[in-house]
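J.: In case it's useful when we look at the structure, here is the feature table from Swiss-Prot:
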BINDING   His12, His14, Glu78, Asp197  Zn(2+) 1 binding site
BINDING   His20, His45, His199  Zn(2+) 2 binding site
BINDING   Glu78, His105, His136  Zn(2+) 3 binding site
Amino acid sequence: MTSTLKAEVDLHVHSLASGHAYSTINEIAAEAARRGLRGVAMTDHGPNMPAAPHPYHFECLYMIPDHLCGVRIFKGAETNIIGPGQVDLEDRLLEKMDLVLAGFHRHCGYGPSELQANTRAVLELMENPRIHIICHPGNPEYPLDYEAVARQAAATGTALELNNSSFVTSRVGSADNCRLIAKLCARFHSPVSLGSDAHIAQSVASFGHALDALNAAGIAPEQIVNRTLETTLDFLGMNT
């Protein structure tokens, strides 16, 4: 399918700091520039993930330049949901970041997965203005009431991520859920984000499958929060 949608910023990328990713921030920025991106978000895993960085890593994100290789660098985290409205980084650290993703992951402190409890956890998180994006919500290991989540996204302005990796290598069984989420987002005009979930530089800006799903669902361009650098800055409440 030919895509009529786009994203100038990749809002979900991991560096060596995540422990199971394989490129430096400089390598990622260089590849992002080569692929024509105007921005890339460094969203290494929160500390509850095995081999993830210590919280002090996130304390020191200010050391990263705002621009590398001509690409805007957004400094953030992919936090782990650990309970209703709870993630594995303190609010004082979340406040320091340009953006915060939140998602369910194995072995990270979340209890037994059940649709009602999972949905409650996400809906409460979306009330927190420090949480910008719910990442890979189509993961079948953590079922959700997708309609309730899409409605909440529209109400709170929290973006739901279409994660390209969910269609390819990760979270087997996610693809149909992601397509349904895209349709619900189109129905309720919920904000969506695109992320490669790259764990190596060569995967940065890989959006093809996610874009196809958004096109098929009838998502309007203005629903994609990272369609341009300017819309990304606006979504994150950043002026420059």
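Glycine too: its Cβ is placed from the backbone N, Cα and C atoms.
Quick caveat, the model's predicted, so the values are computed rather than measured.
Give me the lay of the land around each of these features.
T.: For Glu78 (Zn(2+) 1 binding site), the same-chain residues that are 6 or more apart in sequence and have a Cβ closer than 8 Å to its Cβ are His12, His14, Thr43, Asp44, His45, Gly46, Leu101, Ala102, Gly103, Cys135.
Of all Cβ atoms in the shown protein chains, 12 besides its own fall within 10 Å of the Cβ of His20 (Zn(2+) 2 binding site). His20 (Zn(2+) 2 binding site) falls within neither a helix nor a strand when secondary structure is assigned with DSSP, and so counts as coil.
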J.: Which of these binding-site residues has the least crowded Cβ, counting other Cβ atoms within 10 Å: His12, His45, His105, His136, His199?
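T.: Across His12, His45, His105, His136, His199, these binding-site residues, the one with fewest Cβ atoms within 10 Å is His199.
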J.: In the three-state scheme derived from DSSP, which category covers Asp197 (Zn(2+) 1 binding site)?
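T.: The three-state answer is coil.
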J.: Which secondary structure state does DSSP assign to His105 (Zn(2+) 3 binding site), in the simple three-class scheme?
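T.: His105 (Zn(2+) 3 binding site) sits in coil per DSSP, no helix or strand.
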